[in-house]
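What follows is a short report on a single structure.
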Amino acid sequence: MVGEEGAFVLGWDEVLTEEELSVALKVLCMSEEEFKEYKEQDGWEDDSEEEENSTLSNEALSRLKSPCKKLLYDSVLLTLESYGADLKAEQDLLSNKKAYEKLSRREQQALHVRYGQKRILHQLLELVQ
């Protein structure tokens with residue numbers, strides 16, 4: 001269900017790996033009986049109409065069913081915990097010119113990437129609360 005890297009790709013406006021996330025959420029939020037039926041049928045029957053309407057934009061994410069929202073929320077929290085510092089610490093470092101200039105060019109670039117990733121994750125938290 002998930003690509004080779006085992007991660008979903010989120011953008012500012014939508015999920016970029018929407019098909020993978022959609023399938024993962026469906027499967028992970030199934031009851032045991034629904035999952036057995038899913039396995040017996042080798043997946044879903046023709047869901048083309050449902051799939052056409054399942055674009056995972058930010059608006060669609062905020063309308064997910066509660067179990068899916070909780071799963072995403074908890075997953076985002078776990079991902080944020082894996083970072084060494086929180087969003088506020090990254091903001092403080094970016095706004096402290098002296099401390100920022102002490103970083104190597106590579107460290108500055110890594111800081112910008114981490115900060116952007118954390119902002120997207122925090123946005124997702126707000127959407128699925």
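Glycine residues also receive a Cβ, built from the backbone N, Cα and C atoms like all the rest.
Features as listed in TrEMBL:
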| type | residues | note |
| --- | --- | --- |
| DOMAIN | 4-121 | domain 'Rubisco LSMT substrate-binding' |
| REGION | 38-59 | region 'Disordered' |
| COMPBIAS | 43-53 | compositional bias 'Acidic residues' |
(message) Summarise the domain 'Rubisco LSMT substrate-binding' (4-121) as counts of helix, strand and coil residues per DSSP.
(response) 78 helix, 4 strand, 36 coil
(request) Please average pLDDT over the domain 'Rubisco LSMT substrate-binding' (4-121) for the predicted structure. (result) 86
